[in-house]
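Participant: Here Swiss-Prot flags His183 as active site, proton acceptor, drawing on sequence analysis. Positions annotated as NAD(+) binding site by Swiss-Prot: Val21, Asp42, Lys47, Tyr73, Gly87, Ala88, Ala126, Thr127, Asn128, Ser151. Sequence annotations record features per position, and here Swiss-Prot assigns substrate binding site to Gln90, Arg96, Asn128, Pro129, Val130, Asp131, Asp156, Thr157, Ala158, Arg159, Thr237. Residues or ranges marked as beta-D-fructose 1,6-bisphosphate binding site by Swiss-Prot on the basis of sequence analysis: Arg161, His176. Marked as phosphotyrosine by Swiss-Prot: Tyr228.
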Amino acid sequence: MVRTPSKAKRDRVVVIGTGHVGSSYAFALMNQGVAKELVIIDIDQEKASGDVMDLNHGQAFAPSVTSIWHGNYEDCKEADVVCISAGANQKPGETRLDLLEKNVIIFKEVVDAVMASGFNGIFLVATNPVDLLTQATQVFSGLPKKRVIGSGTTLDTARLRFMLGEYFQISAKHVHAYVVGEHGDSALPLWSTATIGNVPLSQYLLRNRAYKKADLDDIFTNVRDAAYEIIHKKGATYYGIAMSLVRITKALLKNEHAVMTVSTFLNGEFGAKEVCIAVPAIVNRNGVREVLELKLNDIERQQFTESVQMLKGTYKTIMQTGHSF
């Protein structure tokens, strides 16, 4: 039986997994006053309890009061959003597929426990590989596809806009460009639809000869490899993705109908079906309201198709290992 969305507006967010990403997400949620209630769940209960104490001690400096506590899966019943940031870390010598196999098993246990509570809200997936784990979460939960969302390429898109803003010396808020596809090496920028203000990027380059089209490829290479560089320098990425997750959460709780490149299921859009992948989508309190199907040029369409095929191939491989994915 498919559950219908709850009409209650408790603005309760449950964070499952408070490693670097989960704890940074909780911290950013409180700092921005997005949620009224924040529940922390982690297999390491001492760590979760410590995070709650640390966060609560900063309540006097937050823009609004957030009720924060160390909870359990029963607290998911009244949650509007459950964010899963739990999972195994990739070890030296492990492949992406090795990591996926471990995290699928973890996610099955987590999602089953959440659903057993009577959860009736929206799943927000942060753990990598996020597109495939978002798909797994939907299968395990049985929730409507629009109510299971992954962080997708929201951070990649933010990185692209930041770097383009630096290059053109324009506020990143007025650079409109998307990164779509897998959150990973097969992601691609949509240069053909990018604009500076309301001016198409291609026209802006023609009007400003100081900027070179060839530089765009270097900029995207830096976007694509940013996570690797940050991991090399500090061991992990967590501030940027935490802020991306908060932005998605705000769109969900505040019913913003905001456009973001989240991981969601396609049903013919962009020529793809039965795959969870990052594309521009309208996000509101019910999850993904609509996928915005942009017109891609031939090169972009080919790259997007390759990204889809890569994800589907990995999906098939996991299916063959015996996981009910």
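From the backbone N, Cα and C atoms, a Cβ is placed for every residue, glycine too.
These figures come from a predicted structure and were not determined experimentally.
Could you place these features in context, so I can see how deep they sit and what lies close by?
Facilitator: In this structure, His183 (active site, proton acceptor) belongs to neither helix nor strand by DSSP; it is coil. Contacts of His183 (active site, proton acceptor) defined by a Cβ separation under 8 A and a same-chain sequence distance of 6+ are given as Asn128, Pro129, Val130, Asp131, Gly150, Ser151, Gly152, Thr153, Leu155, Asp156, Ser263, Ala278, in order along the sequence.
Following the DSSP three-state reduction, the secondary structure of Asn128 (NAD(+) binding site) is coil.
Taken residue by residue with DSSP, Gln90 (substrate binding site) is part of neither helix nor strand, so it is coil. Under a cutoff of 8 A between CB atoms, and with a sequence separation of 6+ in the same chain, the neighbours of Gln90 (substrate binding site) are Arg96, Asp98, Leu99.
The DSSP secondary structure for Arg161 (beta-D-fructose 1,6-bisphosphate binding site) is helix.
For Tyr228 (phosphotyrosine), applying a Cβ distance below 8 Å and a minimum sequence separation of six or more within one chain yields no residues.
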Participant: Of Ala158, Arg161, His176, which binding-site residues come within 10 Å of Val21 (NAD(+) binding site), going by C-alpha to C-alpha distance?
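Facilitator: For Val21 (NAD(+) binding site), the binding-site residues whose Cα atoms are within 10 Å come to none.
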Participant: Between Thr237 (substrate binding site) and Lys47 (NAD(+) binding site), find the distance joining the two CA atoms and give it rounded to the nearest Å.
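Facilitator: For Thr237 (substrate binding site) versus Lys47 (NAD(+) binding site), the Cα atoms are 19 Å apart.
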Participant: Which residue, of the binding-site residues Val21, Ala126, Val130, Ala158, has its CB surrounded by the fewest other CB atoms within 10 A?
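Facilitator: Comparing Cβ neighbours within 10 Å for the binding-site residues Val21, Ala126, Val130, Ala158, Ala158 has the fewest.
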Participant: Roughly how many angstrom lie between the C-alpha atoms of Ala126 (NAD(+) binding site) and Arg161 (beta-D-fructose 1,6-bisphosphate binding site)?
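Facilitator: If we compare the Cα positions of Ala126 (NAD(+) binding site) and Arg161 (beta-D-fructose 1,6-bisphosphate binding site), the gap is 21 Å.
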Participant: Return the residues near Gly87 (NAD(+) binding site), defined as same-chain residues 6+ apart in sequence whose C-beta is under 8 angstroms from its C-beta, sorted by sequence, else 'none'.
Facilitator: Gly17, Lys102, Asn103, Ile106, Phe107, Thr127, Asn128, Leu133
Participant: So if I measure Cβ to Cβ from His176 (beta-D-fructose 1,6-bisphosphate binding site) and keep only same-chain residues at least 6 apart in sequence, which ones fall under 8 Å?
Facilitator: Arg161, Ala194, Thr195, Ile196
Participant: Secondary structure at His176 (beta-D-fructose 1,6-bisphosphate binding site) (DSSP, helix/strand/coil)?
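Facilitator: In three-state terms, His176 (beta-D-fructose 1,6-bisphosphate binding site) counts as strand.
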